[in-house]
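These notes are about the structure you will find just below.
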Amino acid sequence: MRRTLGSCYYPEHWPEEIWAEDARRMAEAGLTWVRIGEFAWSRLEATPGHLTWDWLDRAIGTLGGAGLKVVLGTPTATPPRWMLDRHPDMLAIDEKGRPRGFGSRRHYDFSHAGYREEARRIARLLAERYGRNPHVHAWQIDNEYGCHYTTLSWSEAARQGFRDWLAQKYQSPDALNRAWGNVFWSMDYATFDEIDLPNLTVTEANPAHRLDFHRYASAQVTLFNRAQVEEIRKLSDRPILHNYMGRETSFDHWQVGRDLDAASWDSYPIGFLSDRLENTPERKARFLRQGDPDNQAFHHDLYRGVGGMGAGRYTPGGRFWIMEQQPGPVNWAPWNPAPLPGMARLWAWEAFAHGAEAVLYFRWRQAPFAQEQMHAGLLRPDSAPAPALAEARQVADEIAGMPEAGCAPGDVALVFDYESCWAWDIQPQGADFDGFRLAMSAYRACRRAGLNVDIVPPDIADLSPWPMVLAPGVMILSGPLRAALSSYTGRALLGPRTDVKTPDFAIPVPLGPRLEGVTSVLTESLPPDASEPLEAGGAFRHWREWLEGEARVYERTTDGRAAIMGADHLRYLAGWPDDDAFHRIVSDLAREAGLHPVDLPDGLRLRDTETHRFLLNYNPEPVTWDGVTIAAAGVHWTPR
Amino acid sequence: MRRTLGSCYYPEHWPEEIWAEDARRMAEAGLTWVRIGEFAWSRLEATPGHLTWDWLDRAIGTLGGAGLKVVLGTPTATPPRWMLDRHPDMLAIDEKGRPRGFGSRRHYDFSHAGYREEARRIARLLAERYGRNPHVHAWQIDNEYGCHYTTLSWSEAARQGFRDWLAQKYQSPDALNRAWGNVFWSMDYATFDEIDLPNLTVTEANPAHRLDFHRYASAQVTLFNRAQVEEIRKLSDRPILHNYMGRETSFDHWQVGRDLDAASWDSYPIGFLSDRLENTPERKARFLRQGDPDNQAFHHDLYRGVGGMGAGRYTPGGRFWIMEQQPGPVNWAPWNPAPLPGMARLWAWEAFAHGAEAVLYFRWRQAPFAQEQMHAGLLRPDSAPAPALAEARQVADEIAGMPEAGCAPGDVALVFDYESCWAWDIQPQGADFDGFRLAMSAYRACRRAGLNVDIVPPDIADLSPWPMVLAPGVMILSGPLRAALSSYTGRALLGPRTDVKTPDFAIPVPLGPRLEGVTSVLTESLPPDASEPLEAGGAFRHWREWLEGEARVYERTTDGRAAIMGADHLRYLAGWPDDDAFHRIVSDLAREAGLHPVDLPDGLRLRDTETHRFLLNYNPEPVTWDGVTIAAAGVHWTPR
Amino acid sequence: MRRTLGSCYYPEHWPEEIWAEDARRMAEAGLTWVRIGEFAWSRLEATPGHLTWDWLDRAIGTLGGAGLKVVLGTPTATPPRWMLDRHPDMLAIDEKGRPRGFGSRRHYDFSHAGYREEARRIARLLAERYGRNPHVHAWQIDNEYGCHYTTLSWSEAARQGFRDWLAQKYQSPDALNRAWGNVFWSMDYATFDEIDLPNLTVTEANPAHRLDFHRYASAQVTLFNRAQVEEIRKLSDRPILHNYMGRETSFDHWQVGRDLDAASWDSYPIGFLSDRLENTPERKARFLRQGDPDNQAFHHDLYRGVGGMGAGRYTPGGRFWIMEQQPGPVNWAPWNPAPLPGMARLWAWEAFAHGAEAVLYFRWRQAPFAQEQMHAGLLRPDSAPAPALAEARQVADEIAGMPEAGCAPGDVALVFDYESCWAWDIQPQGADFDGFRLAMSAYRACRRAGLNVDIVPPDIADLSPWPMVLAPGVMILSGPLRAALSSYTGRALLGPRTDVKTPDFAIPVPLGPRLEGVTSVLTESLPPDASEPLEAGGAFRHWREWLEGEARVYERTTDGRAAIMGADHLRYLAGWPDDDAFHRIVSDLAREAGLHPVDLPDGLRLRDTETHRFLLNYNPEPVTWDGVTIAAAGVHWTPR
Ligand SMILES: [Zn+2]
Ligand SMILES: [Zn+2]
Ligand SMILES: [Zn+2]
């Protein structure tokens with residue numbers, strides 16, 4: 001696999017006179033790709049039905065003519081103002097019942113049939129015009145689904161759609177009442193038309209009601225995406241992607257991934273550290289200009305997995321890109337410092353080490369106007385090079401000197417389930433509990449142990465490729481995964497809170513998990529200053545369960561309860577270990593699985609490809625490990 | 001008085017096949033009571049007017065047949081979905097003007113006349129069917145009035161009702177304008193129809209406007225409750241109760257209590273510690289699995305008082321129950337740990353020591369579905385015993401070995417006034433000020449001193465039974481209480497902020513309190529890190545007043561101002577003492593009153609009944625006091 | 001200039017029988033001024049069109065007869081209830097789209113033409129009646145514009161008005177699209193009627209859209225004020241004022257000031273410390289009963305500047321008053337302690353030292369009713385003297401013994417720009433960034449250095465009166481100021497973030513600032529625990545810029561970047577220095593400018609008048625400086 005670079009470009013933002021020079025400089029900087037078009041609807045169709053292709057024709061021609069490959073985006077994340085006149089009810093409605101107005105982006109409702117057809121129409125028109133254009137080498141559908149809390153809309157369209165969806169799923173109100181347990185507070189429905197969306201209730205709505213609504217909403221994202229994919233597929237054989245976001249768990253990416261050829265994501269390491277990741281204040285300060293050392297890798301491994309859904313079912317070694325890579329300070333995080341020198345290079349190499357095909361910096365030139373005017377690019381607004389340009393150039397040179405290679409096979413499969421994230425969100429039981437956070441804890445433990453991780457979907461049917469499997473917090477266990485685990489011969493660790501709910505979001509009777517000799521009989525959530533110490537060191541935090549049963553106890557809390565229990569190949573973890581304990585547990589299990597875990601210093605991480613081992617130092621000072629000294633913000637690679 | 005146990009049971013949640021076995025196990029566990037029915041409306045009346053009694057007949061028969069006494073609840077806290085079609089405007093409206101939708105519970109407006117009649121109707125139908133049923137030994141009206149902020153509704157029904165209420169109270173707009181001081185910001189009204197509810201104003205609404213609205217809203221709770229009581233009284237001679245909540249001050253429980261035979265409350269010690277009580281982080285951690293050592297006792301003493309209103313006026317030694325007792329982790333607090341072993345027993349004995357007639361654990365079996373599926377019961381969802389069951393069994397055995405006894409007469413009367421809580425809420429003057437919190441401070445001081453407390457209403461007319469009286473924060477002093485205090489011969493301590501407002505929520509001129517030789521001339525609120533040290537030790541926090549007058553000064557702050565001032569029998573406290581100072585002040589006063597205060601260690605509390613002294617250890621380790629060692633989470637009793 | 005005292009009085013709140021006695025006591029206390037009428041609309045016009053003048057005639061007569069001068073307020077901040085029947089759509093709408101109801105004050109929309117005419121009408125009627133009244137010596141228009149977040153209203157009236165305003169400004173939608181950069185997210189408009197207000201968007205609205213809306217809203221305040229001024233000017237030759245608020249930056253006071261004869265402001269030092277000023281917890285505790293030692297002075301210097309706009313353009317030495325001076329605890333801050341003894345005197349003398357003509361205590365007597373019943377006055381509600389009365393009396397005596405004098409000419413001109421405050425608010429880039437806060441930092445540095453500051457408008461055209469100029473955070477530099485700076489021969493320090501945006505709220509290309517040899521090429525915001533140390537001591541916090549260019553570097557950060565750069569007369573500051581560094585930088589510059597900076601102890605401040613140097617000690621203990629010991633909360637003056 002050839003590694004490539006690129007950048008995001010908005011010809012409509014700049015005078016046509018400078019397009020050619022921009023294209024020349026991109027090529028000169030070693031860039032291969034240029035992404036365009038995804039916010040340009042108002043310039044493509046200034047009035048309904050009147051398409052203006054000429055400027056885009058020329059832009060594609062100019063860029064392609066300079067040797068660049070174009071990724072063409074559909075502009076459906078930014079419907080123009082006139083769209084509201086055609087579909088006044090297409091605006092998403094927030095959880096408090098207020099329309100989310102025009103004037104920024106993503107102001108559409110995924111449930112709105114009329115807008116979905118408009119999206120299909122513009123995708124078809126683009127495909128008709130550029131489906132065979134020699135410079136268009138890939139497609140992007142829409143932009144950052146779910147961003148700005150847009151998966152869930154509490155609209156009339158959603159209400160009607162949800163009722164239909166429920167009617168199809170349950171067939172009768174009685175079946176729904178039974179499934180949801182509506183007897184509980186006299187919440188029984190006599191017809192599907194009585195069912196409202198689960199917002200604005202007096203106290204919490206039925207969790208089954210909420211989970212079904214989230215399933216419905218996630219399905220609308222899939223359908224919205226599919227409508228566009230269908231049109232483009234008919235007219236182009238180039239790969240179709242979407243650019244997912246970081247820590248965006250509001251819809252099921254595995255499902256959307258089935259319709260796409262590759263995944264991509266938008267990586268803003270410093271912004272994400274600041275605005276969406278749990279860390280102590282000390283770690284936030286230490287990695288202020290680098291980002292969390294595990295967050296990018298987590299998403300690379302996740303989206304490589306999502307990219308692997310292209311065949312309709314999961315296959316390891318999926319294709320993925322970084323569609324937007326932070327190059328400097330951004331504008332949208334609470335605070336926006338500049339990256340440490342070297343990080344724009346490190347982030348790119350880390351992506352490649354995890355199997356990325358392409359890394360596109362966002363954006364080519366900083367826009368001097370509108371919402372993101374304080375968002376750095378590879379060029380400054382005055383077209384002078386910004387600091388990241390030289391780092392991109394260096395990466396381009398380094399790529400040229402390296403063999404083509406994908407990533408090494410995974411040591412560990414980590415099951416990541418979006419539905420469980422919704423379930424945690426709906427029923428956290430502890431105020432600081434979160435499904436992504438738990439998965440990240442498990443992932444961090446693996447990364448500290450130097451293990452190569454594949455993140456896999458919750459319905460995976462074959463676990464045989466991995467010596468080790470982790471499935472934390474997968475509340476509802478799928479049939480395929482249950483079957484795969486039952487015949488698994490490596491080392492699998494489920495829990496905490498795995499296989500403890502039915503698909504209807506109820507507690508199963510008999511109690512879960514359905515693991516021989518292990519029953520979870522009581523659950524406790526703990527405030528941040530409480531913990532349950534483990535005999536072997538460290539402690540459970542946030543969450544612990546009381547286990548019963550005849551299975552072997554591998555480890556105990558100091559109050560004598562089972563902390564890990566089960567059998568050789570399949571065990572259950574009864575709580576949420578702190579970082580040190582999780583690393584110890586994962587490392588012990590890895591050794592049993594025949595792997596060779598290490599203990600990497602904080603901020604130093606490694607990743608193997610088919611040909612090399614990469615060491616990435618997120619620290620602001622050099623680190624020496626295994627005889628090698630890696631510079632601050634440095635990357636080091638050795639052949640394997 | 002015979003002490004009894006019970007549990008809350010929902011036959012409609014379970015297959016009828018297991019009812020008999022459940023009943024048998026309840027009886028076997030030593031339970032006397034079973035509460036049923038309060039959320040079952042949709043199963044009693046699935047479509048309007050079509051009543052389905054058979055299942056409830058059989059459930060009552062089965063439970064009664066096993067020797068259990070049934071408490072039958074009216075299901076008015078959970079109107080079924082069809083009720084909204086009959087009364088589309090019955091939904092409560094939140095303070096921001098949004099309807100509070102169907103899908104959970106308590107979604108009705110106390111002001112809505114139509115729904116009030118529906119509530120009356122279902123109560124009548126239940127009473128007609130079960131008023132003479134031999135197994136139905138008590139009634140519960142509705143469930144947890146006020147819970148989920150439901151006392152106040154900002155609806156059109158409330159607006160119309162409030163206007164009528166104001167017209168009746170003031171007779172003329174001019175009288176209202178004078179009473180409220182509407183001249184202040186040109187807020188004068190020409191007609192009652194011009195008056196809106198006091199929400200959504202630009203800056204704070206007139207406090208008199210807000211207080212009157214709160215009085216109106218509280219009166220609607222009383223009327224709503226009374227409508228149902230009236231129907232049941234006609235057809236049953238069994239006692240009628242309501243289950244009040246913890247730290248729920250949004251309506252006047254004393255008034256509701258006048259219409260009921262006994263009070264009851266829902267005691268969730270661990271949940272309440274976590275979600276509604278002020279404590280330092282250290283104390284929250286120390287009592288994480290036990291609850292605040294004074295909170296349950298406070299509510300026992302309060303609701304014993306409210307139970308004493310059954311005759312229409314307060315009588316000491318009222319009847320009260322614990323209608324819901326936490327048995328294990330709950331689902332609704334920010335964090336939900338399990339109780340320390342022994343607490344399910346301790347809480348029950350503490351209730352009995354304070355005079356409870358019955359303690360019902362909530363609930364018999366954990367429901368595996370819907371909102372409270374993570375709320376523990378005496379049984380697990382799989383019907384195996386949960387930890388609390390054995391503790392309940394132990395309490396049942398212990399009860400059998402004890403004589404019948406009520407609680408000992410009170411050493412101290414603590415005046416608790418809901419209206420003052422509203423007044424504090426409306427005009428806290430300091431951001432962390434709260435009427436309940438102040439009352440709890442005074443109560444804690446008494447409990448630490450080992451004093452038996454009776455909590456009494458603000459219109460109490462006879463204080464002669466008590467050697468000592470505390471009346472903190474009773475902003476508006478009633479005529480009867482003023483009269484009772486003026487002839488009181490024990491030791492009474494008023495203040496801070498007692499008798500300092502007129503019934504119209506104005507500052508009286510001459511200034512209050514109307515205490516000979518004591519005038520409160522200036523008030524200050526203090527941020528958490530500020531305090532005013534007391535010469536005798538400790539400090540005022542949150543609040544202090546400047547007193548003037550000729551009365552004797554008993555104690556001073558170090559800046560020379562009077563801290564306690566007055567005469568032998570009646571004194572005024574000029575600030576909010578910290579815990580140590582409050583204990584010292586209360587102890588000194590108790591000695592003057594001829595009592596024998598002690599200084600109990602933190603977490604150890606005592607209560608006297610007619611026959612025994614009970615020692616209750618909330619600590620997670622044993623405590624030795626007065627020659628006795630009480631185990632962690634232990635109860636000790638000795639004959640008096 | 002004769003210094004005078006006064007108080008705010010509400011005859012309509014009190015029985016007419018006590019007016020004469022009140023007036024006598026005011027005069028006896030040494031007060032000159034009495035402000036009346038500004039909330040009395042409902043008593044002047046109880047029903048529409050029926051004016052009741054008699055009581056006001058008598059009140060003015062009584063007060064004037066006692067020798068007092070009346071300031072008569074227009075009551076437009078409190079339209080009566082009937083006004084809503086005439087103009088149901090006059091209510092302001094909050095940012096969430098909810099009408100802001102009747103029942104407090106300021107419930108009108110500045111954009112509402114109908115209400116603006118009502119305001120004009122009542123102003124005209126008052127002027128007709130009292131324009132030549134011998135006792136009416138000044139006028140106040142409305143009350144505290146902007147208070148309670150009332151400048152911005154998201155109403156239909158505002159929407160229509162904004163569209164018109166935009167149409168006038170831009171003439172064509174295309175021009176607007178270009179100016180705002182609406183191409184960015186397909187936000188182009190085809191007609192002005194498509195443009196909504198920039199609230200309730202999915203993610204942030206276009207900053208140019210927001211800034212224009214803020215400009216529009218600020219202009220409405222000016223027009224609303226002007227309507228009343230026009231009427232009164234026709235009929236009275238007395239000075240017309242408005243009472244501005246503290247830290248109120250939501251409208252452009254410089255513009256409003258053009259239509260008025262003098263400025264005034266409402267000074268609540270303790271309330272403001274508590275509710276609207278950044279300080280460490282330690283400083284908040286230290287100055288709890290005194291207020292921030294620089295906040296009052298800042299506003300005095302600011303409003304003296306605003307008062308200097310009376311001629312239509314800025315002139316130094318403008319006229320200003322304190323229309324409301326805190327006399328004791330207030331009711332509206334989070335906590336409300338009493339002032340330290342002496343502060344009511346200190347605050348008054350500080351105002352006089354900064355050039356105030358009059359200081360009016362708010363209010364004469366504490367009102368026992370309605371919203372502000374806990375707000376102290378000079379008298380208690382029972383008419384006994386409150387502590388501040390004696391201090392006011394002392395000030396009156398001291399005034400009599402002092403010569404008439406204005407303040408000394410300024411050492412430093414500090415440019416303060418409301419538009420930049422809006423721009424910071426719209427695009428803070430760092431979560432704790434704020435334009436006022438930055439200006440206050442610069443001001444504090446000057447005050448600590450003992451410099452006399454004049455605060456000047458952003459379009460000032462002549463800087464020659466000042467040896468030194470500071471212009472921090474003035475994002476958009478005006479033409480006149482640019483011209484004045486280019487010919488300036490003193491020492492001017494711009495930045496951080498000065499001259500870095502175009503008037504359309506875009507980044508200029510070439511990049512700003514337009515300062516020879518200095519370009520700001522990258523900006524970073526820093527979280528509170530991060531900083532960039534300066535070689536010369538201290539550090540940049542919150543914000544730093546990367547400078548490039550050929551100009552001289554005066555100071556560097558320890559990472560080698562320029563911290564101050566430019567030329568002798570005009571330099572650029574590349575970050576936000578901490579307090580110590582800012583004081584050092586200002587002091588060094590002052591010495592270069594030929595001034596003699598000092599280093600005053602914390603809490604001690606000085607101000608020079610034409611005749612005296614005043615030393616003001618905000619500390620709770622005596623301070624000795626320059627051989628003089630100033631008592632706690634004390635004032636010391638020496639002839640210059
Ligand atoms: Zn986004
Ligand atoms: Zn409740
Ligand atoms: Zn105000």
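Cβ from N, Cα, C; glycine included.
What TrEMBL says about this one:
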- C:Glu144: active site, proton donor (ACT_SITE)
- C:Glu324: active site, nucleophile (ACT_SITE)
- C:Arg105, C:Asn143, C:Trp332: substrate binding site (BINDING)
- C:8-400: domain 'Glycoside hydrolase family 42 N-terminal' (DOMAIN)
- C:411-595: domain 'Beta-galactosidase trimerisation' (DOMAIN)
Distance, C:Glu324 (active site, nucleophile) to C:Asn143 (substrate binding site) (CA atoms, angstrom): 11
Pairwise Cα distance for C:Arg105 (substrate binding site)/the residue listed as 'active site, nucleophile' [Å, integer]: 17
Cross-chain proximity of recorded positions to B (CB under 8 Å), evaluated over C:Arg105, C:Asn143, C:Glu144, C:Glu324: C:Arg105
Distance, C:Glu144 (active site, proton donor) to the residue listed as 'active site, nucleophile' (CA atoms, angstrom): 10
Distant-in-sequence Cβ neighbours of C:Trp332 (substrate binding site), under 8 Å, six or more positions away: C:Gly271, C:Asp275, C:Glu372, C:His375
Under 8 Å by Cβ from the residue listed as 'active site, proton donor', same chain, sequence gap 6 or more: C:Ala77, C:Arg106, C:Asn243, C:Tyr244, C:Met245, C:Glu248, C:Asp266
Contacting recorded positions for ligand 3, chosen from C:Arg105, C:Glu144, C:Trp332 when the Cβ sits under 6 angstroms of any of its atoms: C:Glu144
Most distant Cα pair in Å, residues C:Arg105, C:Asn143, C:Trp332 binding substrate: 17
Per-region confidence, the domain 'Glycoside hydrolase family 42 N-terminal' (C:8-400) (mean pLDDT, whole number): 98
C:Arg105 (substrate binding site) CB neighbourhood, other CB atoms within 10 A: 24
Number of Cβ atoms other than its own within 10 Å, given for C:Glu324 (active site, nucleophile): 23
